[in-house]
Amino acid sequence: MKVGIIGYGAMGAAFRSVLEDEGGKVTAVLGRASSLARTRAELPTSVLVTDDVAAFCAAVDVAVECAGHEGLRLHGPRVLAAGIDLVVASVGALADAPTEAALRAAAETGGRLVIPAGALAGLDALSAARAAGLEEVRYTSRKAPRAWRGTKAETMIDLDAVTQATVFFEGSAREAALAFPQNANVVAAAALAGAGFEATRVALMADPQTSANRHQLEARGAFGELSLQVLARTLEANPKTSLLAPLSLVRAVLNLGRKVIV
Ligand SMILES: NC(=O)C1=CN([C@@H]2O[C@H](COP(=O)(O)OP(=O)(O)OC[C@H]3O[C@@H](n4cnc5c(N)ncnc54)[C@H](OP(=O)(O)O)[C@@H]3O)[C@@H](O)[C@H]2O)C=CC1
Ligand SMILES: O=C([O-])CC(=O)C(=O)O
C-alpha cells in the first residue's frame, strides 16, 4: 500500500515514523508551496513532496490528512474523487455543513472517508450504542495552558494567570469544533459516531497542573452507561496534539489493508 500524507507537521511526521516502524511505506507528501523546501529536507528523496494534488493522487493508494481544517476542506474532496481512501485527522472540519456535504458526496462515488477515533477512545462503543438510542453524551477536554495558546481560549481566559483547572468553554460539539480547530477534533469524531454535532455537549478546560491531554467521555442510553478517560502524552513538536492521534491514524491505515480487522 502506497501511503500519502497531506500536511507534514507534528502529526504527519509522527504518523510517518510509526507507520514505517510498523512496515508501512509513505510515498508522497502534499504540502503548501511555502513549506515544500523544509519538508523536502526532512524526507528521503524517494518520497514525492509536492503541492500538486494530481501528482500526489497518482503516487498513492491511501491518503492521510494531517493538514488542519483548511487543508482537509481544500484537498479532501479532490483526493476522494480520485478514488483514494482518505483517513482524516481534522474531523472537526465536518462541523462545517458544506465541508461535510462535499466530503460525503465525493466519497459516494470515490474513495472511502475514514474517521478514526484520534486521541479519544470509546467511539466503537458509542457508535454501537447509538442503534439502541443515546440519551446523553458529554466530552470534557483538559489541557495545559500552553496547549490553548494561539487559540480563541486566549480571549476567554487569562492563560498566564490560571492557577487551577478552569472551564472556559461550554457548548455543543459543533460550536467547539468550529471555534477550536486545532484542539476539538476528537469531539467531532465522537459526535459523528454517537449523538451528532448538536446533542453532544462539550466542556474545555485549561489546567496548569497537567502536561498531558486529558479526554473524558461520558454517555448514557438504552445500552447503559459509559465513562472513560484518556490521559494522553503530547507530541514534543506540538503540545496541542496527543501521541495517540497519529497512532490512531496508523491503525486506521493498516486496517484498510487487512483481512482480519480488530
Ligand atoms: N483527530 C485528532 O485526534 C486530532 C486531530 N488533529 C488535527 O490534525 C491537524 C494537524 O496537527 P499537527 O500536525 O499537530 O499540526 P501542525 O500545525 O504541527 O501541522 C499542520 C501541518 O499542515 C500543513 N498544512 C496547512 N495547510 C495545508 C494545506 N492547505 N495543504 C497541505 N498542508 C497544509 C502545515 O504546513 P505549513 O508548514 O505550511 O504551515 C503543517 O505542516 C490539526 O490541525 C488538527 O486539525 C490534531 C490533534 C488530534
Ligand atoms: O490531540 C488531542 O489531544 C486532541 C486534539 O487536539 C483534537 O481533538 O484536536
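Note: Cβ is positioned from N, Cα and C throughout, glycine not excepted.
Unlike curated records, TrEMBL annotations are generated automatically.
What TrEMBL says about this protein:
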DOMAIN    7-112  domain 'Aspartate/homoserine dehydrogenase NAD-binding'
BINDING   ALA119, ASN185  NAD(+) binding site
DOMAIN    163-250  domain 'Aspartate dehydrogenase'
ACT_SITE  HIS215  active site
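Classification of HIS215 (active site) by DSSP places it within a strand. The two recorded residues ALA119 (NAD(+) binding site) and HIS215 (active site) have their Cα atoms spaced 8 Å from each other. Listed in sequence order, the residues of the same chain lying 6 or more apart from ASN185 (NAD(+) binding site) and placing their CB within less than 8 Å of its CB are ALA89, SER90, VAL91, GLY92, GLY118, ALA177. Taking DSSP states H, G and I as helix and E and B as strand, the domain 'Aspartate dehydrogenase' (163-250) has 27 helix, 39 strand, 22 coil.
Under 8 Å, Cβ to Cβ, and six or more positions away along its own chain, HIS215 (active site) finds ALA119, LEU120, ALA121, TYR139, THR140, SER141, VAL186, GLN229, VAL230, ALA232, SER242. Taken through DSSP, the domain 'Aspartate/homoserine dehydrogenase NAD-binding' (7-112) splits into 60 helix, 17 strand, 29 coil.
ALA119, ASN185 are the recorded positions among ALA119, ASN185, HIS215 whose C-beta comes within less than 6 Å of an atom of ligand 1, given in sequence order.
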